[in-house]
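Here the structure comes first, spelled out in structure tokens, and everything after it is commentary.
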Amino acid sequence: MAPSATAPEQHQLPASILAAKAKASNGNSTTTAAAPLTAPLASLLGAWPTFKFAPIRESTVSRAMTRRYFADLDAYAEADIVIVGAGSCGLSCAYTLGRLRPDLRIALVEAGVAPGGGAWLGGQLFSAMVMRKPADVFLSEVGVPFEDEGDYVVVKHAALFTSTVLSKVLAMENIKLFNATTVEDLITRQIEGEEGVRIAGVVTNWTLVSMHHDDQSCMDPNTINAPLVISTTGHDGPFGAFSVKRLVSMKQLEQLGGMRGLDMQSAEDAIVKNTREIVPGLIVGGMELSEMDGCNRMGPTFGAMALSGVKAAEEALKVFDLRKAQNKE
């Protein structure tokens, strides 16, 4: 005989859910264990048998995404500042610029699907993030809690730092993140009467397209014009140190200094102090500087990344008006 069908087993809702639903219905609850959920969300708890999403047509989803993406491409084809690389340095730079100059249109271009670079982990496969003082002031600025250990502080998980800064940057109306997008080249303008060039924007492509230039053809790039580019692409790697390596190939730099061995004592100070405009229109910060200047690597300490981004923003605002005027030519 075939087994008879049985109704799903019913369970009593936990006290915390009952308390949350009571609070949702009347705004009051005498249960101290009530979950801090908003009334609309709490009202869903225990109501799943009758749950149903609002209706939608598949093409509506497609149009909702593509319409906004291509509107952003149109709007940011002329940007005020392009930041290349959304690691800890690029994100802190974007945050600082966004706070100081909400009037500027800032494009943040990241080759990876997930922004953050190496800042999702504190080092190796360890979660805690170490920052030497005074980088703790940036943590306090963005609201990331930490343990104070005297000369340094520790964030309980690097992902807390990264996700916090990222969420604040993405919430800014004047900043657009183009992730899974690679900078393939720099737009240049000849400086009249000189051999040097001025950087006037970036050449972009989707990262997956860039990775297949050797086995596909006819995959031309896109462009973003901007009077100022801030490059924070990290130390040498598949997409690392891109802008400074491109300057060498364009004969704008004789050669790279090459990153030296690990020395935290000297490395972090050097990166922050030397964050600067390298050629007109191009500011370099973070570990990309170590490849250009021949600085030491710093290993798993992130204070220099955060403060190099802050200094890059300051350097950008020093020259922005001049570069913007030049970019009209």
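Any Cβ shown, glycine's included, is placed from N, Cα and C.
The 10 Å shell around the Cβ of Val183 (substrate binding site) contains 27 further Cβ atoms across the protein chains shown. As annotated by TrEMBL, substrate binding site applies to Cys89, Glu110, Ala111, Gly118, Val183, Asp220, His235, Met287, Arg297, Met298, Gly299.
In the structure as shown, the Cβ atom of Cys218 (2,3-didehydroalanine (Cys)) sits within 10 Å of 4 other Cβ atoms. What TrEMBL lists as 2,3-didehydroalanine (Cys) is Cys218.
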Length of the line joining the Cα atoms of Val183 (substrate binding site) and Cys218 (2,3-didehydroalanine (Cys)), in Å: 17
Distance in Å spanning the most remote Cα pair of Cys89, Glu110, Ala111, Gly118, Val183, Asp220, His235, Met287, Arg297, Met298, Gly299, given for substrate: 37
Proximal residue to Cys218 (2,3-didehydroalanine (Cys)) among binding-site residues Cys89, Ala111, His235, Arg297 (C-alpha distance): Ala111
Which listed residue (Cys89, Ala111) has most other Cβ within 10 Å, given these are binding-site residues: Cys89
Least buried by Cβ count (within 10 Å) of the binding-site residues His235, Arg297, Gly299: Gly299
